[in-house]
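Student: According to TrEMBL, the protein carries these features:
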BINDING   F83, A84, V85, Y88, D173, V174, D175  UDP-N-acetyl-alpha-D-galactosamine binding site
BINDING   D173, D175  Mn(2+) binding site
ACT_SITE  E265  active site, nucleophile
Amino acid sequence: MKIRRCLVFFSLYRCDENPAVYDLHLVSPDGMTYSQPSIVNGRTDVVSVTPWLAPVVWEGTFSATLLDGIYQRQNISVAATVFAVGKYIMFLKDFLETAEQHFFVGFRVHIYVFTDRPNEVPEVKMGAGREVTVQSVPSSNRWQEISARRMELIQKLIEERLINKVNYIFCLDVDSKFHGRWGAESLGGLVSVIHPGYYKDDRSKFPYERRPTSRAFVAPADGDFYYCGGAFGGLVQEVHLLAKTCRKNFEDDAKDGIEAAWQEESHLNRYMWINKPSKVLSPEYLWQDFKPKEPEIKIIRFSGVIKNYAAIRPN
Ligand code: UD2
């Protein structure tokens with residue numbers, strides 16, 4: 001009895017000191033009812049665990065009620081970053097309005113909007129416990145730089161405002177809309193989303209950076225999945241390390257006169273090959289509107305809108 005009390009005290013103490021422990025200690029709220037889980041019946045059309053035993057989240061593999069109960073009890077806070085530089089500001093209204101309907105509903109959410117057009121940020125009514133902060137950033141005449149500089153700005157945001165204050169963060173593309181629940185099932189230490197464009201391809205076909213001179217290099221026989229640059233997240237400490245590493249590698253490459261094939265997405269893929277994500281989100285979590293729905297996609301939760309690159313990018 002004595003030992004047990006001591007363990008409980010230890011875990012609570014650690015939770016207060018280090019939010020990273022929250023992810024490991026899942027307490028079910030009293031009186032929670034949900035369908036009995038089965039270990040012999042479930043999705044058979046998709047793989048729901050990686051070779052390093054991280055869950056791959058698909059509709060039908062989790063109980064939303066149970067997960068909401070567990071994480072609401074922890075009173076977690078979730079930050080999200082979204083960049084709307086130049087003409088991409090046009091996507092922000094739909095992004096924010098649909099986030100209100102589907103993104104961590106019932107949780108404390110703080111969305112950080114980075115833009116060079118703060119006066120054009122739309123007014124969107126936010127629910128209780130949810131807020132938006134607008135941060136000004138310089139514009140650029142190269143879209144590649146806007147996309148890649150996100151890692152630096154995410155690193156700084158975490159260092160200056162989030163570390164030890166917020167539990168989780170997700171970094172999302174603005175030219176997208178939420179269509180279905182994106183909630184506590186997506187929480188994890190390091191979280192990555194499988195890109196909808198390549199998930200049935202052989203790894204040798206993935207658009208990784210293939211030049212060995214780049215710090216984003218992945219050899220043709222290497223790589224697990226091709227992950228999206230447009231959505232990733234996890235505990236703020238983990239995302240801080242990811243952003244800091246990808247930023248440094250991107251900048252060191254630039255000093256050597258090399259830019260990875262898909263900018264920060266290439267560096268993210270290299271990072272995830274070495275540092276395995278502890279939770280992988282299926283392409284339900286970032287689909288593309290121009291792609292017909294595949295049979296294994298039971299729900300599209302978040303999807304990139306169709307856009308005319310020539311009309312909206314600065315170069
Ligand atoms: C892919 C990735 C994107 C990024 C890029 C490589 C997905 C769905 N998208 O999309 O995340 O890794 O390849 O660089 O995985 N932005 C602006 N203003 C601009 C240009 C970009 O604000 O003028 C921001 C905006 O938040 C946008 C993001 O950067 O959502 C990515 O740019 P993109 O959507 O043009 O990149 P794309 O479609 O090639």
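From the backbone N, Cα and C atoms, a Cβ is placed for every residue, glycine too.
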Student: Using a Cβ-Cβ cut-off under 8 angstroms and a sequence gap of six or more, which residues of the chain neighbour D173 (UDP-N-acetyl-alpha-D-galactosamine binding site)?
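Tutor: Long-range Cβ contacts: V82, G229, G230, A231, L286, G304.
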Student: Report, as a single number, how many Cβ atoms besides its own are within 10 Å of the Cβ of Y88 (UDP-N-acetyl-alpha-D-galactosamine binding site).
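Tutor: For Y88 (UDP-N-acetyl-alpha-D-galactosamine binding site), the count of other Cβ atoms within 10 Å is 23.
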Student: V85 (UDP-N-acetyl-alpha-D-galactosamine binding site) to the residue listed as 'active site, nucleophile': how many Å between their Cα atoms?
Tutor: 18
Student: Just report the maximum Cα pair distance in Å for the recorded UDP-N-acetyl-alpha-D-galactosamine binders F83, A84, V85, Y88, D173, V174, D175, no decimals.
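Tutor: So the maximum pairwise Cα distance among the UDP-N-acetyl-alpha-D-galactosamine binders is 11 Å.
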Student: Rounded to a whole number, how many Å is the Cα of V174 (UDP-N-acetyl-alpha-D-galactosamine binding site) away from the Cα of E265 (active site, nucleophile)?
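Tutor: Answer for this pair: 15 Å between alpha carbons.
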Student: Determine, from DSSP, whether A84 (UDP-N-acetyl-alpha-D-galactosamine binding site) sits in helix, strand or coil.
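Tutor: DSSP call for A84 (UDP-N-acetyl-alpha-D-galactosamine binding site): strand.
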Student: If you count other CB atoms within 10 A of each CB, which of A84, V85, V174 wins among these binding-site residues?
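Tutor: The largest 10 Å Cβ neighbour count belongs to A84.
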Student: Taking the mean position of the Cβ atoms of F83, A84, V85, Y88, D173, V174, D175 as the UDP-N-acetyl-alpha-D-galactosamine site, which residues outside that list, in the same chain, have a Cβ no more than 8 Å away, listed in sequence order?
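Tutor: Nearby residues not in the site list: V82, I89, F91, L92.
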Student: Given the recorded positions D175, E265, and counting only Cβ atoms in the protein chains shown, which has the most within 10 Å of its Cβ?
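Tutor: Answer returned by the neighbour count: E265.
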Student: Taking only the Cα atoms, work out how far Y88 (UDP-N-acetyl-alpha-D-galactosamine binding site) lies from the residue listed as 'active site, nucleophile', in Å, as a whole number.
Tutor: 18
Student: Just to be sure I understand the packing, how many Cβ atoms besides its own are within 10 Å of the Cβ of F83 (UDP-N-acetyl-alpha-D-galactosamine binding site)?
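Tutor: I count 23 other Cβ atoms within 10 Å of it.
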Student: In Å, rounded, how far does the Cα of E265 (active site, nucleophile) sit from the Cα of F83 (UDP-N-acetyl-alpha-D-galactosamine binding site)?
Tutor: 15
Student: Where does V174 (UDP-N-acetyl-alpha-D-galactosamine binding site) sit in the DSSP three-state scheme?
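Tutor: DSSP call for V174 (UDP-N-acetyl-alpha-D-galactosamine binding site): coil, neither helix nor strand.
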